[in-house]
Amino acid sequence: MRTITYSEAIREAMSQIMRHNPDVFIMGEDIGVYGGAFGLTNGMIEEFGAERVRITPISEAAITGCATGAAMTGMRPILEIQFSDFVMIAADNLVNQAAKMRYMFGGKAKVPMVVRLPGGSGAGFAAQHSQSLEAWMTHIPGLKVVQPSNAYDAKGLMIAAINDDNPVLFYEHKLLYNETGEVPREEYEIPLGKAHVKRTGSDVTIVATGIMVKKAMEAAEELEKDGILAEIIDPRTLVPLDQEVIINSVKKTGRVLVVHEAVKRGGYGAEIASMIAESDAFDYLDAPIKRLGGVETPIPYNPGLEQKAVPQVQDMLQECRKIVME
Amino acid sequence: MVSKVVMPKLGATMEKGTIVKWLAPVGDYVESGDPIAEIQTDKITLEIEAEASGVLLKTLYDEGSEVTVQEVIAYIGQEDEKIIEKCEDHITEETTIEGNLFFKDKIRRTPAARKLARIYQINLENVPGTGRMGMIKKSDVENYLANNKKTSPLSDTVHLKEPHLVSSPGPDQSGNKPIPISAEVVDDQRMKLTGIRKVVADRMTQSMQIPQVTLMSEVDMTNCVELRKNLLPIIEKTNGFRLSYNDILIKIVAHTIRRYPTLNASLQNDEIVCHSSVNIGFAVDTPAGLVVPVVKNAQKLGLVSITETCNQLIRLAREGNLKYEQMREGTLTISNLGKYEIDEFTPIINPPEAAILGVGRIRPKPVVINEEIKIKSTMKLSLTFDHRIVDGAPAAAFLSALKETLECPYQLFM
């Protein structure tokens, strides 16, 4: 199978649907000739024209409000928030409007929109452009939250997100944009709410999200040299969350490490950890549930410090060894 | 107000009961009358019901613990209510500190270890913990199980270490690895005396305090064999059950014993009580141990009813579902070992009953009748009686009458 990058996979998903569904259009800052801040929409304005590739003023509130209205009238907008950090400018439209509309109109109005949110650290963009705030959005009923960790999932999840009748927040990781992977040419959907067992193992379950899946895979390779077999679960969507796959894995291994890049305190890992503790996997636990998340600091500009602020492979190795040995 | 849940006393001889299972988790609201625990006592399993509505504040014993009757086993009350009493006689001493329940020196164990211990009924006190701060982990319980094989009947199913082999002292002549010789080193098997086993042990020890005598007699069962042969298809057609010799014995014993009231009797507080009804207990071997369900008012029942009653009781006994009521008030016990290669034995009285009848196998044997040798189906009966209640002569008279009725079962029509 051919190999393409994570960003190409997302672009391909959008383009393929736009070719046969005239209701789908994209909007955002600099997404036209410039191709978006990360080049994701390169060439799209040439193919679909300015009507369907809408360059907007620098106002996330305006983009989101506009998209919400368009979605309610039957369109299927995909909007790009240049950096996911800027989503708070659009918070009212997302949290108070888009998330509530379907409920408040008794199901008669739908809000089929996708909000693309490049997030995460590691690219030297400093404190205001490197955050992982996905846990904020998981708290809001009415919003779905997706976090693909590789090119294949990115395309399948993007198609599922566009076809979903609810607002979907699509968290992309900047450092994954250039990661390559095998991606089929045809359109395919990965249903929202289905986790993926990336690697099977018997000694410890690592539930990792976003870019942490890649790091967890590297950690698992190392752990295997010590005779520790880690099972890696990528939830792929935080809302809805595939509880069953996680619970079954924990029942099998009896030990669990939850890893995300976002700050540990109040992070989504807490949700996963409590879900496990409340489930019937509790009786199978042979060690306390552990979480690994970012340190409680704004992301530093200094590249060395930036690395230290978020979990690395070495941290996972250390935690897993402790969980298994203690 | 906090109310106590106590281990009930369900019989004169009951001193302790085992908590088999907690049916409501701590912190749950229970209505008065809701079952909250399953206890095992006197060979039966019963549910204890809550006497008050409220939150199950605390349970004082783990599942599997044996508790003396009238002992407090749990507290029910309002949420956040203080437990005033200090419970002294159990492992986890508790005391109240500023309204919060405070647990001292609890065994630290992981949920997985606790689950495994529950399945295999292991007391975690005996398991050394190797985890952080001495926490008992699943692997500790597995090791314990492997080193204490057959701790429970289920333990074979756990992943156990291979039994280690005693290897020969040195390399063999070819210089290869030592060849293991097939002498397995297996530790002695130890089982705690609990549950039914404990009840049987206590009752039998108690029984041996009784001055008891056993009388034996051989019975010609030819007519009974014939009777069973003829009635079996008829009864089977009526209710689907197969008539057994035990059913016939119960019928005939109940019919005969009415004429010998001191044998259908019991000694209660220096009083000999001759019972008006004949309640025949019969020993049933179950996976959990020996139990004795009782056929009540057997003197009033026909063979069809006896067959039905016995089959039902045997099924309940084997499933472990016999109720306390179904095992009490026996007036005489029959212990039938006829299905084994046993001719006669000395049964031991099931106190406070006056007698027990032991039954051996039925087998064809040469018998002298009118100076001629004939082959007859014979069976031996062993009657053990409490000599405090009854003397040898009436006991012998009863056994003779029993022999007579068995040899001529048509007397039942009279």
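Quick reminder: no glycine exception, Cβ is built from N, Cα and C everywhere.
As annotated by TrEMBL, domain 'Lipoyl-binding' applies to B:2-77. Annotated domain 'Peripheral subunit-binding (PSBD)' per TrEMBL: B:108-145, in sequence order.
Mean predicted confidence for the domain 'Peripheral subunit-binding (PSBD)' (B:108-145): the pLDDT average there is 87. For the domain 'Peripheral subunit-binding (PSBD)' (B:108-145), the number of residues in each DSSP class (helix H, G, I; strand E, B; coil) is 23 helix, 2 strand, 13 coil. Under DSSP, residues within the domain 'Lipoyl-binding' (B:2-77) fall into helix, strand and coil as 0 helix, 41 strand, 35 coil.
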